[in-house]
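Q: Reproduced below are the annotations present in Swiss-Prot:
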type: ACT_SITE; residues: D72; note: active site, proton acceptor
type: BINDING; residues: D72, G73, N146, D147, R157, R174, D176, T187, A188, Y189, A190, L191, S192, Q247; note: NAD(+) binding site
Amino acid sequence: MEQFRNIGLLGRMGSVQVVETLKRLKNYLVGEGYAVILEEATAAVLPGHNVQVSSKKMLGEICDLVIVVGGDGSLLGAARALAGCNVPVLGVNRGRLGFLTDITPTEMEPQLAEVLSGKYVEESRFLLDAYVKRNGEPVGYGCGLNDIVLHPGKSTRMIGFDLYIEGQFVNSQRSDGLIVSTPTGSTAYALSAGGPIMHPRLDAIVLVPMFPHTLSSRPIVVDGNSEIKIIIGDYNQTYPHVSCDGQTHVTCAPGDTVTICKKPQKLRLIHPMNHNFYQICRDKLGWSSSRDQGGQ
């Protein structure tokens with residue numbers, strides 16, 4: 001297992017709980033002899049920290065491990081910044097669901113001690129790139145660990161578009177939009193729109209129509225290396241948006257083309273040894289268990 005010496009810390013701003021957890025975490029790591037590097041915005045909320053400070057981009061270049069304190073949204077933002085750096089990322093949950101951030105604050109020190117001693121599970125999670133072109137010229141780009149979503153923005157009108165997968169025409173669709181999700185994102189927005197849950201190790205992409213006008217338009221699961229092309233009808237009277245993880249946005253125009261494909265660089269996500277995807281689904285999604293009723 002990889003030896004961690006230089007550890008970067010990154011936290012969600014605007015939360016007292018996150019700041020307190022960051023202080024605890026920094027003091028613990030320094031006390032254990034690790035070199036701690038704070039992301040610059042994180043350092044601003046920890047006055048008197050007395051450790052090195054770095055930009056988010058450089059954090060991935062100089063650290064052996066980056067620990068993100070916050071919710072899944074915080075880790076999504078970190079993933080987009082760090083995926084190209086080949087640095088492992090670990091999440092401490094200070095949000096609500098915590099599908100990605102699975103170190104608990106109440107057991108943070110013992111769980112971290114296990115991870116730092118080499119007892120952890122590592123996963124590779126792929127991201128999606130989205131390229132927007134207008135009259136053949138690039139006008140926007142974004143990437144997402146969870147999903148790329150075409151939606152009407154502030155408009156209440158449906159969007160008309162043509163869908164192609166690997167150059168093959170799939171259908172013409174009128175709907176509120178389309179969610180193009182990774183397995184990581186299948187338990188997020190795609191799930192609420194009726195998409196399937198995919199195991200994180202699957203090399204697949206799911207396309208989930210949002211309130212389609214044709215009821216036979218159903219979610220489609222395709223190979224993870226597929227190129228997905230959406231041609232926004234030039235007859236539309238609205239300017240749709242392309243959102244990446246719900247955090248970055250590109251405004252499109254009628255006639256634009258959105259091309260979505262797997263990002264070459266992957267996120268290295270690490271978990272404690274007891275990480276169990278199905279246990280997380282039971283806990284976070286309220287799945288029942290016969291064990292809860294005294295079954296075997």
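Every residue, even glycine, has its Cβ placed from backbone N, Cα and C.
Any idea what these are sitting next to in the structure?
A: Taken residue by residue with DSSP, D72 (active site, proton acceptor) is part of a helix. Taking Cβ-Cβ distances under 8 Å and a sequence gap of 6 or more within the same chain, the neighbours of D72 (active site, proton acceptor) are G91, G95, L97, G98, F99, L100, T101, A188.
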